[in-house]
Amino acid sequence: MTCNLLVILGPTASGKTRLGVAAARALDGEIISADSRQVFRGMDIGTGKDLSEYGDVPYHLIDICEAGSEFSVFDFQERFCTAYADIRKRGRLPVLVGGTGLYLDCVLRNYRLVKVPENPVLRAELDPLSMDQLAERLRALKPEQHNTTDLGHRERLLRAIEIAEGEKACGETGPVLPGLRPLVFGVRWERAVLRRRITARLKERLDAGLIDEVQALLDAGVAHRMLEHYGLEYRLVSQHLRGELNRNDMFQKLNSAIHQFAKRQDTWFRRMERQGVQIHWLDGAGDPLQGLLRVFMS
């Protein structure tokens, strides 16, 4: 079986972007980002776009939306299909790189997604419910819920329930990519080493101007509410800029939140394996590119 999609996944700060670019360069490929926040323009430092690493390697699904807008899993799958077909048509290898588990899953497990409009009747039914009641309803609809940001933000929670109910009502449609033959690699580090990498990278991002980036988004009209929606760096830096956290508290909370996020990513990847996705794990501390090429060429 010949691979027609190379996939490189891993937790935050694992070096998957660097490996993806190196693999794309070695195999005449183009990158498709599987990161739920890199689609937004102006969110560069906080999302780790690292565009300088790409050089002459073409990339897709980065900087395609205005910050402050919404971008759903359905939108990602639709855009992925377009980018994938375009790359294959030109005889090159699509290289899907990222750590957003739901985006990876919707491609690798061929989710049947539908575009779900807002449902005012359902919204009226949900409006009296508490956050705990809403979270319980979402878990009942989607027991595998991965994105805990949805559970702490009322508007995201309402929309997640709306989408889950809409998908349930519509049922399955036809397969999205019936001819997909993916080869999946993951970048793995010892936990203590990854923790050090996460903390070091956070310090680098703050030194590189992360706070100024968030302030620029606010100055451009992106509401604090949307920054809360985007989670992690954007939520906590926004709270710092509102005077709710001093810089040290912001750093400590953000560092802890990113460590927890990396654990949830690992949990999601293990779940993917249990559900039949074969992941070839590479040692981030070794030479992951050579390991990848050996498997690819075998």
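Every residue number used here counts from 1 along the chain in the order it is shown.
Here the Cβ of each residue, glycine as well, is placed from N, Cα and C on the backbone.
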Region 'Interaction with substrate tRNA' per Swiss-Prot - which of 35-38, 171-174, 247-250, 263-266: 35-38
Integer Å distance between the CA atoms belonging to T100 (site 'Interaction with substrate tRNA') and T12 (ATP binding site): 10
Fewest other C-beta atoms within 10 angstroms, as judged across P11, T100, which are the recorded positions: T100
Cβ packing number for S14 (ATP binding site), 10 Å threshold: 25
